[in-house]
Structures are given as C-alpha cells and as structure tokens.
Amino acid sequence: MARDKIALIGSGQIGGTLAHLVGLKELGDVVLFDIAEGVPQGKALDIAESSPVDGFDSKLTGANSYEAIEGARVVIVTAGVPRKPGMSRDDLLSINLKVMEQVGAGIKKYAPDAFVICITNPLDAMVWALQKASGLPAKKVVGMAGVLDSARFRYFLADEFNVSVEDVTAFVLGGHGDTMVPLVKYSTVAGIPLPDLVKMGWTSQARLDEIVDRTRNGGAEIVNLLKTGSAFYAPASSAIAMAESYLKDKKRVVPVAAHLNGEYGVKDMYVGVPVVIGDKGVERIVEIELAGKDKEAFDRSVAAVQGLVEACKKIAPDLLGR
C-alpha cells in the first residue's frame, strides 16, 4: 500500500523539524517545499541520511515547484517571515498575507483534497486568508495554535506541581496572541480542576495567575531568549499531533483555530476552540459554555482576531470573492 504524502510548505526550522518527526513516526513520505533553491533538497537529504540510524523508511524529497505537492493528503504550512525580537505577530500581517495567497493557489491546484494545517503568524488571520485563497472546505483547513498554547500551559502547570505532564490537561481558547484565553476552570491534574487544587493548598491563585500570564507570553519568551528566531520544536510537535489525528482517524479533541459559522456567536472567522479531528477534518466543534471573566476574555480575543481579518480584507479585497 502506498504511503501517504505529507507536504511541508516552508523548509525553515519548523519545516525541518516537521519532516524529521514525520519520519520518526512513520506517518508517510515527505515533500519539503521552499522558494529558496537547495534548502528543501538539502534538509530532505540530511534527514533521509538519518533514517538508517533512526530506523524509518519514509522517503523525503525537496522541491521548489508546487507540482511536487500533488496528491498530498496533508499539507502543513510554515512559509512566511518569522517573528523577530520586538516584533508583534500583527506586524507580520501584510508580508505573510501575500505568502498565503501564493501558497493557497498552489494547494488549490495541486492538493485540493488535502487536510491543511497553517502555522504561519499572525495565525488566526493567516489561516482565514489561506482558506479563502485555496478555496478548500473550511473543515479541511485549520490553524495550529491551541495545541501549542495548551502544551505550554500544561508544561508550566506540571512544573509547578512537580507531576507528570501526562496527568495535566489544559485548554487554551481564543486567538493565538496576547489575548488568548487559558481556561483555568477546565484545566485539571489527574481530573482535579485547578480551582480545587488551589483550595487543597497545592498552589495559590496569585501563582496560577502568573502561570496564565506566562502561557500568554510563551512565544515571546522564546523569541526573546533565542534573539534570532522563534520556537520550532513545540510548534512542530503540535502540528504533527493534529496531522496524526487526521491520518489515523483518531478523533482527538484538541483546541485549534477552526472556522466558526455561528458557534460561540462568531461568524466566518477562525478562532481557537476545541474540535474533534478525524479523517474528514474538523468533524465537530465543541461548544463550551463560557461565562463571566472567561466569556469577556474570549470576546476580547475574538475582537482582536476580527481586527486582523478586517485588515486582511483591506489589503487583499479580492480574497472575499473566492
């Protein structure tokens, strides 16, 4: 049986890490695409040469033409300019919007049946633009944000409580940025909600608030430490978890930037919410009832995403006609 083809648009740090993870997990064959000649070919060859050591048989190739992604079952998009110190995700808008238009056209022509995962920032606006540019069904185009943000939240909580990350569950909703909403009420350690752990004396509310703030600034913290780039290991792992749920029809419940059409009171926008991912793409949107501060924070986050989308519409009004 032929292996699935997984196309990676963008061969930077995340793209290379994605390619290696696909091989290690034997998820399929890999096509690394990039406009920079030699870069995808070099990374593909380097990773392929690790396969005898790591023991995987995935085939890896590099390409500078979109024809190479033809028939891909999954496309993961990392193309675009990364954030630099002092640069907000929003600063990237006009540059990366043009990239999404080009990538969307390539996917539309060569991989119209693919499940597409967007990682490019500013995420919620870029995945909206990518879906418009590609013309793919909205349930087949998602943004990777919530899995990463929730993983950061889980890691910080596990570190605080000195427990295994496997026993910590956490949900982060809303836009992928400063307005994201880590939901303390729905986050647990071995099924015990965080508010109960505060009552049990495991931590204080003030300390929990600090962890929530650190989660919101998780990406910026790494950007400031690296000084020459942004996170790539955790983002790649997060996207692979989403791809694996689709390829293996695992029906995992994960927070992603999904297209909302009335859910959560949001219309024709991509916002981070929990969904079920199976072999049809987004098979169900899990609509959590939000109230009080959580609802206010989510609404603020949606408004921030709306502002980015409106800016996209002004920069590229032709996207609306697609």
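Glycine is treated like the rest: Cβ placed from N, Cα and C.
What Swiss-Prot says about this one:
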BINDING   G10, S11, G12, Q13, I14, G15, D34, N96, I119, T120, N121  NAD(+) binding site
BINDING   R83, R89, N121, R152  substrate binding site
ACT_SITE  H176  active site, proton acceptor
_Alpha-carbon distance [R152 (substrate binding site); I14 (NAD(+) binding site)] in Å_ = 17
*Take the C-alpha atoms of the residue listed as 'active site, proton acceptor' and N121 (NAD(+) binding site) and report the distance between them in angstrom, rounded.*
9
*Quick one: Cα separation, G10 (NAD(+) binding site) versus R152 (substrate binding site), in Å?*
24
*For the recorded positions R152, H176, work out the Cβ neighbour count at 10 Å and name the residue with the minimum.*
R152
*Take the Cβ of G12 (NAD(+) binding site) and count every other Cβ within 10 Å, whichever protein chain it belongs to.*
20
*On the Cα atoms of G10, S11, G12, Q13, I14, G15, D34, N96, I119, T120, N121, which are listed as binding NAD(+), what is the maximum pairwise distance in Å?*
17
*Can you grab the distance from G12 (NAD(+) binding site) over to R152 (substrate binding site)? Cα atoms, rounded to a whole Å.*
22
_Excluding near sequence neighbours, so keeping only residues 6 or more apart in the same chain, what lies with its CB under 8 A of I119 (NAD(+) binding site)?_
I14, I76, V77, T78, G143, M144, P235, A239
_Please give me the CB contact count at 10 A for N121 (NAD(+) binding site), counting all chains in the structure._
28
*Sorry to bug you, but what's the C-alpha spacing from D34 (NAD(+) binding site) to R152 (substrate binding site), rounded to the closest Å?*
29
*binding-site residues compared (G10, D34) - highest count of Cβ atoms within 10 Å*: G10
